[in-house]
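Pulled from TrEMBL:
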- Cys23-Cys66: disulfide bond (DISULFID)
- Cys51-Cys78: disulfide bond (DISULFID)
- Cys142-Cys185: disulfide bond (DISULFID)
- Cys170-Cys197: disulfide bond (DISULFID)
- Cys202-Cys245: disulfide bond (DISULFID)
- Cys322-Cys365: disulfide bond (DISULFID)
- Cys350-Cys377: disulfide bond (DISULFID)
- Cys382-Cys425: disulfide bond (DISULFID)
- Cys502-Cys545: disulfide bond (DISULFID)
- Cys530-Cys557: disulfide bond (DISULFID)
- 21-80: domain 'Sushi' (DOMAIN)
- 140-199: domain 'Sushi' (DOMAIN)
- 200-260: domain 'Sushi' (DOMAIN)
- 320-379: domain 'Sushi' (DOMAIN)
- 380-440: domain 'Sushi' (DOMAIN)
- 500-559: domain 'Sushi' (DOMAIN)
- 560-618: domain 'Sushi' (DOMAIN)
- 619-679: domain 'Sushi' (DOMAIN)
Amino acid sequence: KKFIRCQSNTKWSPSPQCEIRFCPIPKLSKVLKFQENCSSKIIGEKCSVKCRNPLEKLIGEDFIKCQENGRWNRSPQCKMLFCPELKLNSVLKLQGNCSTKGIGEKCQVKCREGGSRMGPNYVTCKINATNLYWTSFPKCTCLDPVLPRDQKKSQNCLKKMPGEICNLKCSNKRSDIVGKKFIRCQSNTKWSPSPQCEIRFCPNPKLSKVLKLQENCSSKIIGEKCSVKCRNPLEKVIGEDFIKCQENGVWSPWTGECEYKFCPRPVLKFIYSVHSNCSYPSDGEKCELRCREGGNFIGPNYITCKRVGRRMLWGTFPICTCPNPVLPKDLKTTEDCSRKKFKDTCSLSCSTKNLTLVGNNLLRCQQSTKWSPLPQCKMRVCPNPKLNRVLKLQENCSSKIIGEKCFVKCRSPLEKLIGEDFIKCQENGVWSPWTGECEYKFCPRPVLKFIYSVHSNCSYPSDGEKCELRCREGGNFIGPNYITCKRVGRRMLWGTYPICTCPNPVLPKDLKTTEDCSRKKFKDTCSLSCSTKNLTLVGNNLLRCQQSTKWSPLPQCKMRVCPNPKLNRVLKLQENCSSKVIGDKCFVSCKESLILVGKDYIICQDNGRWSHSPQCKMLHCPTPKLNPHLRLQEKNCSSKAIGEKCLIECNNPFKMIGGIDFITCQENGVWSPLPERCV
């Protein structure tokens, strides 16, 4: 029983016992056997089994299981092993049913297309470990090929394996195979399609440059002829006038020759023209020529047709000269130019002396038997004159001829010309040198520096006249206030310029000069200072007189301010002292527990520095003075610092009332009040 019961005596009945449950040794069917010992399997454990016949396979799980009821579950079944369905290639087919073949059994096959079989006529079912398989398929050859009538084999093509070829040829010798000259045994043991035989033609013949066809020869078959002739109508064929289509489909070589009967129409250079009929002349006949530009021939005026080997050629062409040059009136030849040939020259000159030749004085006979371009004769003209710096032209002298004058004048209006006022165009086409001179009459208008201004009229002054000046910035002159016009050789020049000083400096109220600065010149200095002691100078105290006679920028005077004071560690500021001027005070104090020794301020001094800081000392209370009833509990109370205590007590036999037994050193250096009384 799987329970206990509460009895009438209120006690439980005895407990049952628990034992491990085993399944009995399983009873297997004849086709199964154990893979392990299954005599002591408990509930939930498995017992592995397998088929007794190795040719059979297990259907389902390879174990049985011990169930909770102590029984084994249902056993699996065994099924006979067969080789898989036989899948043949495209060249074989089965000779029977092979779907249930077991190990060692055979399945007969044959070649699908009827070719020969290479190997046995069967495949066998075999096992490899637990896998069943078929042995390798036999191979098939292609059948002996069946060919069309116009083709035949050129070898034995029995028992050709896939991939091998069978060479073919055409039955008719005048035909040839188009494309590949074989068929191939394919993987399906069928032959590839047969090529075609076509009647063999020779291609359209390619002739040499001297021949051309007399007929259409694009479809001539083997053995037929193709008629040819000489391309040039001046030539005739000597020998065979045909070529033949040979058995190899190639035209036979032409064995004849082309021989000239006439000279060709002469190809004339551009310098000739034909004077007589020169069409198809025979050996020894002449062709009369003319020089196209009207020149003469050097040699005969014809060319002769001659046989040279098998060809008819024209003889050497005569040479044409350039015609006598046709010249304008102002040109003439200096030699006989009626027989000049290519590259020869003809010398020219101008017909009168007052003309000059512009261009090349040599005409050249060109390849065209025309003369090169003529030069020109022009009146001899001097070029536009190039004058020196002191002169300028009074007229246009760019086309003056030989003997004419060109008038000149002095370039500066301050100068006058002394001597000849012209130059002359000489016979060599060069201007004569100028022999005159330019001499100054006046000084030029003075070119003043930026420090001066003109006070009087200074236009065209003569020798000794003066030009009054002013200092532009209001300064004084060191020396005279003018410059003087003077003659120096042939020139009129201004004398030495006076020196301008800087004006007396204009200063603000807070600045003053420390010296006389009314006559200071360029680079001189003027010393400045502030007008009162409580001011300090910011910038350079020296003004410098500049080249412009202006003073350099002014410095500034500012109130003297001491910097924010830097105190030692024991002092502290009582106020903001960052902008105190000279004479001002800055109040300070000591930090806690210290007492000031000296003044409680520092002063901003004339030099912009603070006076010396006061000192701080530690504050001590003096030795306490006690009434007769009290006494000190410790020996040293004479150097107690602020905040420290000194213990006291009443003299015997008195006792202190209030419980306070000490006095304290206060901030003012005085001890706190004593206890009220002792009793």
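Every residue gets a Cβ built from N, Cα and C, even glycine.
When the domain 'Sushi' (140-199) is classified with DSSP, helix, strand and coil residues number 0 helix, 25 strand, 35 coil. For Cys66 (disulfide bond), other Cβ atoms within 10 Å of its Cβ number 22. Take the CB of Cys78 (disulfide bond) and look out to 10 A: across all protein chains shown you find 21 other CB atoms. Using Cα positions, the member of the disulfide-bonded residues Cys142, Cys245, Cys382, Cys545 nearest to Cys530 (disulfide bond) is identified as Cys545.
Nearest neighbour of Cys545 (disulfide bond) by Cα distance, taken over the disulfide-bonded residues Cys51, Cys197, Cys202, Cys245, Cys322: Cys322. Sequence-distant neighbours of Cys557 (disulfide bond): residues of the same chain at least 6 apart with a C-beta under 8 Å from its C-beta are Pro508, Asp510, Leu511, Cys530, Ser531, Leu535, Thr536, Leu537, Val538. Cys202 (disulfide bond) sits 33 Å from Cys185 (disulfide bond), taking the C-alpha atoms as the reference points.
With Cys78 (disulfide bond) as the anchor, the candidate disulfide-bonded residues are Cys66, Cys245, Cys377, Cys382, Cys502, and the one with the nearest CA is Cys66. Reported as a whole number, the C-alpha separation between Cys365 (disulfide bond) and Cys350 (disulfide bond) equals 20 Å. Cys382 (disulfide bond) is 98 Å away from Cys197 (disulfide bond) when you measure Cα to Cα. Ranking the disulfide-bonded residues Cys170, Cys202 by other CB atoms within 10 A of the CB puts Cys170 at the bottom. Taking the Cα atom of each, Cys382 (disulfide bond) and Cys245 (disulfide bond) are about 88 angstrom apart. Of all the Cβ atoms in the protein chains shown, 28 others lie within 10 Å of the Cβ of Cys142 (disulfide bond). Of all the Cβ atoms in the protein chains shown, 23 others lie within 10 Å of the Cβ of Cys365 (disulfide bond).
Across the range of the domain 'Sushi' (380-440), the DSSP-based residue counts are 0 helix, 24 strand, 37 coil. Residue counts for the domain 'Sushi' (200-260) under DSSP, split into helix (H, G, I), strand (E, B) and coil, are 0 helix, 24 strand, 37 coil. Within 10 Å of the C-beta of Cys51 (disulfide bond) there are 20 other C-beta atoms, taking all protein chains into account.
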